[in-house]
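**Q** These came from TrEMBL, pasted as-is:
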REPEAT    93-125  repeat 'ANK'
REPEAT    126-158  repeat 'ANK'
REPEAT    160-192  repeat 'ANK'
DOMAIN    232-321  domain 'SH2'
DOMAIN    372-640  domain 'Protein kinase'
BINDING   Lys403  ATP binding site
Amino acid sequence: MQIRRHGEDAFFSAGENGPIIHGLEELIRHYEQPDQVGLVCPLSELCKGQPPPHDARRHGRTNLLHRATRQCEVELVKELLRTDYNIDAKDQNGQTALHLACLSGEPKIVLDLLEHGASTNCLDGEGHTPLHYACREGYLQCVHHLLDHGASTTIDSLGSRWAPLHFAAYRGDREIMLLLLENGAPVRPRTISEELPEDLVNCGQPALRPDLTRLLTERRDSVHHRYHREDWFHGKLSREEANYLLENASSGSFLIRTSIRAENTVVLSMVSNGYVKHFTVSRRGRFHFIDDGPLLDSLEALIGHYSHHDDGLPCLLRAPVKPVINPVVSSGSSGWRSTASLHSSPITTALSPNATPVGQLENASIITMDQLKLGQKIGGGEFGSVFSGIWHSRNGSTQVAVKTLHEEHSTPEKHRGFVREVNMMLGLVHPCIVKLIGVCLGPPLMMVQELVELGSLMKFLQERADTVQIEVDFPRWSQQIANGMSYLESRQLVHRDLAARNILLASRMQAKISDFGLSRAVQMDDNNYHATTGGKWPLKWYAPEAINYGSFSTASDVWSFGVTLWEMYSFGTEQPYGPMTGMEVLAFVEAGSRLKAPPACPDWCYDIMLRCWNLEIKKRPRFDELARMFAEKIPLHVVNNVVVV
């Protein structure tokens with residue numbers, strides 16, 4: 001069985017699930033006990049080897065450096081540090097020379113040890129760090145030196161869970177308390193008995209000045225707020241959706257969400273070493289905390305604290321994952337802020353000077369032909385056919401959808417268009433967007449995407465209309481489409497082909513936007529894309545400015561969204577505008593006429609359609625507004641994927 005080390009100090013476990021024990025020698029003693037659990041039998045006879053290294057032991061042997069430090073022999077310590085003495089060796093009490101220097105209070109020795117690389121955060125046999133002792137004994141200069149050399153203000157003493165601030169508060173040392181707070185110590189760490197530093201101020205010296213208590217009770221957490229709330233707060237989001245958003249993120253990526261399963265529960269979701277982990281953020285009055293961590297004034301303070309101190313989390317919080325629609329935090333209401341300011345890095349497209357050849361795509365996996373097994377044809381697109389398939393990877397077999405580029409249509413223009421669609425989908429990670437898994441270079445060239453089980457919304461409506469709950473399903477799907485389109489807007493993308501045929505259903509509860517074959521990126525200083533090439537254009541879904549001038553924008557996508565709503569409430573039984581040609585449709589809408597409300601369409605939804613079809617571009621609603629409108633129409637008992645705060 002492999003022995004695993006935890007952290008920098010001498011903490012070990014046997015395997016992944018065994019108890020974490022301080023000191024390798026203590027681990028051996030633990031598994032020598034007849035009632036031990038975890039090994040097939042207790043340890044009995046040893047095969048004699050070498051003593052464990054000093055940094056693997058809880059207790060060691062007293063050496064000359066320990067004795068010189070304990071007796072404050074400054075010059076002798078200096079001489080010993082010039083030799084090969086192991087500076088972090090432990091004595092019989094598990095204390096290093098730095099522990100002993102902080103107990104004796106000799107700042108010169110403390111500084112010498114630190115400048116020679118002494119470990120600041122190791123625990124002794126009692127579970128204390130050097131900073132614990134310096135605070136307990138009231139040695140201000142020693143505390144200064146330790147903090148200047150990286151001593152942690154958040155490490156708790158084993159057993160009691162006293163933090164450095166507890167020791168300083170118990171002693172009543174105002175200067176050390178202020179110094180710790182100025183160096184990022186949380187104001188309200190908790191002991192194993194749930195005591196805060198403010199609870200201990202009068203324990204050591206009952207006659208202590210009452211202003212020390214006020215210093216702590218009135219102080220707010222002074223953690224630097226590296227990130228703003230709109231960077232990481234997602235509102236109501238399921239565990240599965242959080243996993244999806246964090247799936248390919250780096251360690252330290254995180255978001256805050258409110259749980260769908262547990263009402264009024266806030267959750268921190270984060271990535272560590274390739275795994276997504278979820279931590280409940282609990283409340284006590286106005287304070288927030290995670291597990292045994294400190295009480296913090298706000299979610300902002302909590303994020304700030306854990307971006308500087310892991311303090312029980314598997315790693316620091318390093319990179320917030322931004323929400324698509326920023327939830328507005330208010331009491332008893334729900335809403336969104338615009339995502340216009342949340343521009344991500346530029347999308348690489350065929351229109352961009354930074355366009356990447358398909359063989360050099362950095363963000364998409366290259367999938368070999370022998371890893372794919374194609375099944376039946378399930379659809380067709382601008383560039384070829386779409387098949388169901390099986391992708392055999394190192395992690396097992398996965399059902400996928402495979403979009404192919406027909407060899408007979410593999411002209412340079414078609415090839416560029418296919419590459420453009422691949423590039424367009426790179427980096428798009430959102431529950432309401434079909435996910436690109438990888439690219440197969442073929443031949444033929446193939447794009448491997450997630451398989452969306454129920455197929456197109458259009459086909460579902462035509463074949464299973466009797467199963468649809470109009471007042472539930474239609475608002476939910478509409479809200480999800482608007483969410484996905486708002487995300488595209490935040491990435492400076494226009495879709496150009498938003499229609500019911502390009503909306504897929506992963507389940508009755510989840511719609512996803514697909515088919516980016518006509519999509520284009522827009523520039524930061526120009527929210528329109530001007531088409532310069534011909535091709536098959538879905539004119540009946542296009543805004544007038546797109547037909548007249550080839551000018552596409554998020555606002556023209558909003559017009560198409562209105563037509564998509566009309567298709568939905570028509571159950572896919574009619575084509576928009578019937579037998580009219582594209583140019584007849586243009587004349588029809590420019591004359592002020594509009595599609596009539598389908599029989600199943602409620603007045604409130606038809607009003608939204610008419611707003612989407614406003615000839616004045618600036619008067620059309622934004623997608624974040626549309627998402628809010630439809631979210632408000634979803635019955636509360638079936639809310640899914642909707643931000644509610």
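Note that Cβ sites are derived from N, Cα and C of the backbone, with glycine treated the same way.
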**Q** Ten-angstrom check, please: count other Cβ atoms within 10 Å of the Cβ of Lys403 (ATP binding site), all chains counted.
**A** 25
**Q** Which sequence-distant residues neighbour the repeat 'ANK' (160-192)? Criterion: at least 6 residues beyond either end, Cβ under 8 Å.
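**A** Residues 127, 129, 131-132, 135-136, 138, 140, 143-144, 147, 153-154, 198, 200-201, 203-205, 208-209, 212, 215-216, 219-223, 287, 289, 292-296, 305, 308-309.
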**Q** According to DSSP, which of helix, strand or coil covers Lys403 (ATP binding site)?
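**A** Where Lys403 (ATP binding site) sits, the three-state DSSP reduction gives strand.
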**Q** Per DSSP, what is the helix/strand/coil residue tally across the repeat 'ANK' (160-192)?
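**A** When I sort the residues of the repeat 'ANK' (160-192) into the three classes, I find 17 helix, 1 strand, 15 coil.
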**Q** Restricting attention to the domain 'SH2' (232-321), give the mean pLDDT.
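**A** It averages 90.
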